[in-house]
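Record features, source TrEMBL:
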SIGNAL    1-26  signal peptide
TRANSMEM  188-207  transmembrane segment
TRANSMEM  219-239  transmembrane segment
TRANSMEM  271-291  transmembrane segment
TRANSMEM  303-321  transmembrane segment
DOMAIN    350-467  domain 'NTF2'
Amino acid sequence: MADHTTLPHRFFLSISLLSILTVSQPDLTKELVSLRSSSESGVIRLSDNTVSKFITSVSTPRPYSLIIFFNSVDLNSTPLQEFRREFAFVSASFIANNNNRSDVANKVFFCEIDESSDSEAFGLFGIQFLPQICLVDPLMENLQDKTGRMEEEDVDGTAESVVEFIESRTNLTVGPLHRPPLLSKTQISVIVALIAISTPFLIKKVLKGETVLHNSRVWLFCTVLVYFFSVSGTMHNIIKGMPMFVRDHEDSNKLVFFYKGENFQLGAEGLSVGLLYNVVGLLLAYVTNALVRVRSVSGQRVFMMLAMVVSLLAVKKVVYLNSWKTGYEIQTFNFYTMAETNKGRSEEEVARAFVNHYYHLFDNDRSSLSTLYNPTSLLTFEGQKIYGVEDIFNKLKQLPFDQCRHLISTVDSQPSSMAGGCGGILVFVSGSIQLHGEDHPLRFSQTFHLVPLPQGSFFIQNEMFRLNYG
């Protein structure tokens, strides 16, 4: 966490100055108090106009401080909105705990800026990630100064983290949090009365075996529901707070239900895949439990063929969605076997086929490169020696770029006798790497020693990589 030890002192210096200087903007403070009183939680909604009115157009030192929560309703993010509610709890608690201290309560105001309608204000503050909370103290002039912001690692979505942020930056005491109870006293009284009235009837039903829990169809439905709950990733969506959909950044009227990219999954994606799995599971259950009771053999065969076709289409759709989302494609290429090489294919052809395959995987599905190594493989990467499949894979995975494109200039190869005279190949490659977002490609050289396996395929025994500078 960055050092913010000077912030509390600056805050109190501002307050001291305000007590000495004659405030020239008393109406602004009164207007903020009025806006706060009209909000149930005390959080003031700032627009582009009010940001100018209360912040950028007011000379320093201002007669107040603002604690701003940056939000975006269009993201449809459950964790973000839950954090927004936690922020509101802190605001309401601060006001309630300092209700009799106007000298404190009227110097600090809790505010909110929403990106969906006030994007210009987001630009003024230079907000790059959400959620974000910023303290605008009376002396702040540069709104993009990050010293007044909540550290990204401290944003855990709880009211307690907001309280810690405020108290560490201002030396003010928020006081105990006032969370609304889950149920009011009236609701609790009604629930208790209903339980007391229904208990004798429930006991009677249980003794006679006439409850819902005694119905086998209910258990069957629950089994299907649990299966759907599992395969659709619903638990993942609940824990991570994943939204069902998001709004398109380019067109706010358009909803996005399927997001292309393996680092983020929407709830609609999991429900779609879960539905397809459920179709296959229910067809399998019907075929194995109900179809066998059908007397017509022709009917059994027709339904069996129909079930197979529907299941095949469902599985095909699941594979397609997975490939579309992750960019992974099933590779049909195999290295030329030793037998094929002896049938007239030269090591140049094998080397060229390997190079095409290797860099296609590197640029499109880097994780699949691990299949090209074995436990004895050795990679020398910019002078660093790395042994074995796992360490080599981790090195390739941790490279400081995600997207790139290799442009191959030359491929040279030689037969290798180091594999006991059984068809090893030495491959030397030169070319350039175009990194995503970079204007100039990087020149590189790379050497591979391909060694055949008994079953006929090749693996990378040795590999060396260097960037070419100058």
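Cβ from N, Cα, C; glycine included.
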Checklist entry - Under an 8 Å Cβ to Cβ limit, what residues of the same chain, 6 or more beyond the ends of the transmembrane segment (188-207), are close to it? => result none
Checklist outcome for this item: Long-range CB partners for the transmembrane segment (219-239) (under 8 A, at least six residues beyond its ends), listed in sequence order, are 265, 267, 270-271, 273-275, 277-278, 281-282
Checklist outcome for this item: Residue counts for the domain 'NTF2' (350-467) under DSSP, helix then strand then coil, are 31 helix, 59 strand, 28 coil
